[in-house]
């Protein structure tokens, strides 16, 4: 591995066989996973590489935004190889994401189907493994009333509440239907308030954060589209009071995140907190957040795998998408 405090502590814990709740160092090492719809194939591939490299238990917690929360749950539950293959299973993502449904007043992105039907019937997921895991999962969502990012970890007590938290984190405003209500609060996609969920991790004491990104190294932050701004403005302060302010400041906030992560990765400080980002390489294919083509999605996963391995400077072993994952979902 190259010299960086985040990579150093991961290497040390891996070599030692360190296990959560039984550490010999004082650090709180966290994984933060960005979402972005189908762009999250990149971060999913990175998560898969972490599992393959035996690094899952080197983290004390996993924070995820939107589809990144789903990918994070796969790592926490030790099922990344199984679940990542779902991205390119023929017909699956076309059922989850269908722009034609929007013309009929239905959700374009059916997160409820993804979490409940896919996660229980199509690719059965061991939800209890996440709840029982020594590495804690922290799905981040946006509170509709305040516009603030909220960690939903404390709401998770069983399978149903875990599923609800993941749905809330990925509830893209309008595209995924109505906000998700938990304990009397309404939540939408984490990407509105905190698309890259390292701020919440730092607020909760993280000393070292590995950040998995879904925008390429040559992509810059973009502002909310005119349509997004118009829709939020139309809903107004009565229906979505917290979102009006957040959407207005999105470009400034995202540019700030990009600068901070790039600087922390290239020029680490002596004192914590330490941040290290992994991004898809410049020139990698552009993946639309609503992409459903299995070949495109599989390439995104493979690109993410390679990017993670190269960033951590592990020797390549010739593997891309895990062969067993393909067989297990056939």
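Placed from the backbone N, Cα and C atoms, the Cβ positions cover glycine too.
What TrEMBL says about a protein is an automatic prediction, not a curated fact.
Source: prediction; values computed, not measured.
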TrEMBL annotation (region 'Disordered') - matching range among 214-254, 255-295: 255-295
Intrachain C-beta neighbours of residue 189 (active site, proton acceptor), sequence separation six or more, cut-off 8 angstroms: 35, 65, 66, 141, 142, 169, 170, 171, 172, 173, 176
Beyond the flanks of the region 'Disordered' (255-295) by 6 or more, those residues with Cβ under 8 Å of it: 4-7, 27, 36-39, 41-42, 46, 87-90, 93-94, 96-97, 99, 108-109, 195-196, 198, 202, 206-218, 220-221, 303-304, 307-308, 311-312
Integer average pLDDT (0 to 100) for the motif 'GXSXG' (64-68): 98
